[in-house]
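According to TrEMBL, the protein carries these features:
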type     : residues : note
DOMAIN   : 16-147   : domain 'dUTPase-like'
REPEAT   : 150-182  : repeat 'ANK'
TRANSMEM : 238-254  : transmembrane segment
TRANSMEM : 260-281  : transmembrane segment
Amino acid sequence: MTTEIKVEIKKLPHGELPCYATVGSAGMDLYAAVDAPIILRPLERFLVPTGIIIAIPNGFEGQVRPRSGLTAKHGIAVLNSPGTIDSDYRGEVKVCLINLSDQSYEIKKGDRIAQILITPVPKIIWHSVEEFTIDETDRDTGGFGSSDARGRTPLHYAAIQGHIEVAKVLINKGACIVSQDCSNRTPYYYALKYNHPEIASLIDDHIKSTKFLTDKGADRSCPPAYIIEQSKQEAKDAAFIAVMIVAGVTPIVLTKTTELPVTIIILATIASMLIIGGIAYKLEFMRAKHELSSKLGEVKLNDAPSCSQQPT
């Protein structure tokens with residue numbers, strides 16, 4: 001039996017009332033109430049107004065969640081999902097959207113941008129104890145690599161269910177991409193088995209990147225940082241050589257070709273060292289970074305550690 005809850009709502013002049021998309025919808029759609037279209041560029045976020053104010057009853061909260069279609073098709077998600085609207089909040093409801101894709105996305109007035117659910121919230125009273133009185137569990141304080149009874153990690157399940165954005169977050173946070181479950185299956189195996197090629201490709205790229213960079217001496221815990229650090233080191237070396245050349249050549253040239261005082265020659269030499277050294281550092285950094293990135297892109301899959309069991 002469906003429980004009905006009366007919630008007071010005030011529609012602002014630029015707003016539109018939330019509504020259920022279907023009879024069985026759990027949440028109501030929220031609509032963008034923008035004066036002009038908003039262009040949300042890749043990885044940009046924007047607080048989108050909805051043009052409504054709601055008075056949530058005590059004992060309840062409003063949860064703002066992303067629309068699955070908008071996230072799956074365009075990579076538009078609610079940044080603080082689920083966003084919480086407290087029962088004592090009386091301001092305009094706004095949705096913090098982020099573009100997780102590599103393409104710009106336009107938000108227009110009246111677009112369905114998120115959904116809102118009104119849910120009960122129990123009041124918590126902390127009870128400090130020395131020992132728990134409830135049953136102990138076999139769960140520890142596991143992180144991104146924690147596995148369940150079948151040996152599967154969160155990355156395994158992201159690969160099984162096709163959650164590409166979740167997989168990206170897990171991998172960026174250090175999830176083990178070659179972890180095997182109790183059936184000796186890796187996340188890559190499940191990505192192929194359940195027809196999620198984008199996740200398989202993501203894992204492939206990360207495996208190749210990690211292998212290529214760690215072979216060059218990168219720290220396995222954060223191999224991408226190697227490109228930046230190595231480029232900086234090569235840039236420093238180039239800048240040092242350039243400065244030494246300028247320090248040796250400039251005073252000789254100025255002494256032979258001009259009648260400038262020694263003080264001016266020294267100052268001119270120092271200025272030249274700073275300018276040429278800075279230019280040399282920047283140019284070498286860009287060159288080294290481009291070269292390493294290009295080599296990384298040329299790495300073949302067969303250079304990677306084995307984890308690509310083909311599903312049967």
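Using the three backbone atoms N, Cα and C, a Cβ is placed for every residue, glycine included.
Predicted automatically and left uncurated, TrEMBL annotations should be read as such.
Here the transmembrane segment (238-254) has long-range neighbours at 260, 265-266, 268-269, 272-273, 276-281, 283-284, meaning same-chain residues at least 6 beyond its ends whose C-beta is under 8 angstroms from one of its own. Under DSSP, the residues of the repeat 'ANK' (150-182) split into helix, strand and coil as follows: 17 helix, 0 strand, 16 coil.
Taking DSSP states H, G and I as helix and E and B as strand, the domain 'dUTPase-like' (16-147) has 7 helix, 48 strand, 77 coil. Taking the repeat 'ANK' (150-182) as a whole, pLDDT averages 81 in the prediction.
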